[in-house]
Amino acid sequence: MGETTAFVLLLVATLTRSSEIPADDTVGLLTEPQVAMFCGKLNMHINVQNGKWESDPSGTKSCLNTKEGILQYCQEVYPELQITNVVEANQPVSIQNWCKKGRKQCRSHTHIVVPYRCLVGEFVSDALLVPDKCKFLHQERMNQCESHLHWHTVAKESCGDRSMNLHDYGMLLPCGIDRFRGVKFVCCPAETEQETDSSEVEGEESDVWWGGADPEYSENSPPTPSRATYVAGDAFERDENGDGDEDEEDDEDVDPTDEQESDERTANVAMTTTTTTTTESVEEVVRAVCWAQAESGPCRAMLERWYFNPKKRRCVPFLFGGCGGNRNNFESEEYCLAVCSSSLPTVAPSPPDAVDQYFEAPGDDNEHADFRKAKESLEAKHRERMSQVMREWEEAERQAKNLPRADKKAVIQHFQEKVEALEQEAAGERQQLVETHMARVEALLNSRRRLTLENYLGALQANPPRARQVLSLLKKYVRAEQKDRQHTLKHYEHVRTVDPKKAAQIRPQVLTHLRVIDERMNQSLALLYKVPSVASEIQNQIYPAAGSDCKDPVEHCVCPQVDGLVSYGNDALMPDQAYSSAPMDMGVDGLGSIDQSFNQANTENHVEPVDARPIPDRGLPTRPVSSLKLEEMPEVRTETDKRQSAGYEVYHQKLVFFADDVGSNKGAIIGLMVGGVVIATVIVITLVMLRKKQYTSIHHGVIEVDAAVTPEERHLARMQQNGYENPTYKFFEQMQN
């Protein structure tokens with residue numbers, strides 16, 4: 001009983017609540033009120049009771065140029081509705097039988113226009129359907145009050161940023177006549193849009209109607225064929241004067257039955273118009289508007305307006321007469337660009353240039369050729385950008401001739417900053433390209449060196465080892481090390497030329513890397529003398545193997561010493577090292593030290609002769625080669641790798657190496673010192689002479705001055721002290737003599 005009472009009370013409260021809700025003006029309307037305009041034709045409005053488009057009741061009203069005028073016209077043709085605002089529709093519509101002024105009934109081919117929706121009562125945002133795999137988004141800007149087309153562009157670009165297509169959208173927060181502060185929209189993937197479009201083609205009855213629902217709609221009803229195509233064709237065939245309308249006499253011969261059937265078909269076409277517009281149809285309308293020629297109109301007003309010029313790909317000012325014309329007519333350049341920038345033909349994405357391909361592809365044996373190609377492409381792209389900026393600069397200066405001097409300076413400063421930004425961007429891209437190239441070259445060199453070293457060690461471990469194979473692999477290994485050294489030195493020379501500060505920073509890493517190369521070669525060569533039979537056979541060919549590639553053309557660079565333990569002597573580039581220079585015993589089977597057979601002549605850097613035979617404290621095996629086992633060799637390689645990782649591998653991915661001056665010239669230093677001493681002596685003598693001359697004064701004797709003399713006599717005495725002689729006195733003295 002209690003549950004029944006509660007249910008009755010709830011039902012009464014619901015009915016009471018529903019009776020308090022005011023009735024909406026649009027209740028009972030078949031479709032939403034809309035108006036459409038086409039310059040040169042009578043305005044059209046849709047009949048909200050039957051969904052058909054009808055001409056202007058007065059037969060005089062044509063296209064309007066202001067939003068206020070459109071709102072007023074909506075209020076005139078729909079006096080029974082409370083029209084409060086207007087907004088452009090999301091989709092174009094096809095309207096038939098559009099009459100010229102002065103003709104109330106006519107039959108002409110179809111015109112496609114974007115109508116204006118007449119909003120009734122308080123603004124209510126459109127409800128949007130969100131299909132599967134689609135996203136609902138919205139944007140609000142409370143400090144902006146923009147048009148419908150502006151927010152359509154915002155929604156389209158937002159979907160494009162997500163690699164999706166705009167499916168549907170609606171305005172938010174009205175702030176004026178056809179002005180809003182936001183937009184809500186639905187973005188769908190491209191494949192979803194294609195499925196939606198295909199389903200629309202298969203059956204138009206599945207679309208959403210304008211405003212209310214069709215009372216005769218059912219899922220089993222056959223699709224209503226569109227009359228637009230063949231009506232347009234028939235009308236065009238009957239158009240003899242080519243003005244787009246049928247001739248006058250055709251209106252008089254129209255059969256009432258045919259006219260009634262035509263009205264029914266027209267109603268069906270209007271009823272099948274949907275709100276789920278595709279982006280392509282909107283783009284077609286925007287393109288038709290923005291690519292039209294600018295028209296001043298018949299009136300003689302002088303209004304400054306903007307129209308879009310597709311050839312120049314920008315908006316251009318023109319003078320509008322105040323009436324007529326077309327829709328390629330905008331109040332500001334910003335509004336013009338916001339609407340028409342999307343109508344430009346989208347350029348197909350160009351294939352990736354050589355720079356992008358270089359960064360995407362891994363390094364291979366064609367590294368140098370790929371790098372050269374990428375560098376040329378980068379320079380060509382930079383020149384093209386600079387040429388474009390220079391052309392824009394010339395155009396801006398030509399347009400700024402009549403501007404004030406401050407504006408001219410602002411234009412010049414703007415383009416100077418633009419050029420500087422392009423230069424900085426190009427420099428950064430070059431630096432990135434060079435660093436990538438150097439890292440890849442270093443990786444290739446490391447790979448080749450590691451491979452040749454493994455092959456060389458494998459040949460030494462062979463049983464029995466073959467001398468010719470060992471020599472060949474030794475040459476390849478030494479060549480790989482020399483390429484690494486040359487690469488390091490050349491790169492350092494480049495860095496020192498371009499950026500001396502960076503060269504000073506990476507100098508310690510350069511020295512460490514060069515030292516590691518020498519230590520690696522020393523240890524690898526020391527292993528050769530653990531195989532006396534091979535060493536004795538190829539000792540005369542060791543020098544060509546190690547020294548043939550040691551003719552480094554890099555200026556101021558000294559070829560590496562491949563003796564047992566390299567000493568850099570008095571080289572100013574190298575830090576002080578405590579290298580052992582004590583002579584050691586002769587090697588196995590009377591072999592001399594490696595510096596006698598390997599060393600290259602070096603007159604500037606003294607190298608003490610040392611024996612390359614490994615000693616026990618170096619951690620190398622000293623047993624005969626017959627007892628040298630395969631599992632003992634990695635110990636040497638491990639030590640080498642440790643030295644390498646400690647001295648070089650830490651930096652090779654980020655640092656680039658090039659050599660500084662390796663040799664020192666004592667004669668030049670002594671000459672500079674002597675010259676400096678001579679110059680200093682000359683300067684000191686000159687200063688002493690000048691100072692002595694400064695204190696020299698003229699004295700012609702001592703004149704005793706009485707303290708009681710007058711000021712005139714005292715002044716005369718001072719003058720005489722400085723060499724003054726009274727000519728009168730001198731004359732009388734000469735007369736007396």
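Glycine too: its Cβ is placed from the backbone N, Cα and C atoms.
Computed from a predicted structure; not experimentally measured.
Between Cys134 and the candidates Cys39, Cys63, Cys74, Cys188, Swiss-Prot records the disulphide pairing with Cys188. Feature annotation (Swiss-Prot): of 132-190, 427-485, the stretch labelled region 'CuBD subdomain' is 132-190.
Disulfide annotation in Swiss-Prot: Cys299 is bonded to Cys323, selected among Cys315, Cys323, Cys336. Annotated by Swiss-Prot as motif 'YENPXY motif', the relevant range among 346-351, 400-405, 712-717, 724-729 is 724-729. Annotation in Swiss-Prot places Cys63 in a disulphide bond whose other cysteine, of Cys39, Cys74, is Cys39. Sequence-distant contacts of the motif 'YENPXY motif' (724-729) (same chain, at least 6 residues past either end, Cβ-Cβ under 8 Å): 716. Here the C-alpha separation of Cys290 (disulfide bond) and Cys336 (disulfide bond) works out to 9 Å. If you measure from the Cα atom of Cys39 (disulfide bond) to that of Cys145 (disulfide bond), you get 28 Å. Annotation note: Cys315 (disulfide bond) sits in a strand segment as assigned by DSSP. For Cys187 (disulfide bond), the spatially nearest entry among the disulfide-bonded residues Cys63, Cys118, Cys134, Cys340 is Cys134, judged by CA separation. If you take the C-beta of Cys340 (disulfide bond) and look for same-chain residues 6 or more apart in sequence within under 8 angstroms, you find Val286, Val289, Cys290, Phe308, Cys315.
Annotated pair Cys188 (disulfide bond) and Cys159 (disulfide bond), C-alpha to C-alpha distance, rounded: 8 Å. It is 18 Å from the Cα atom of Cys106 (disulfide bond) to that of Cys63 (disulfide bond).
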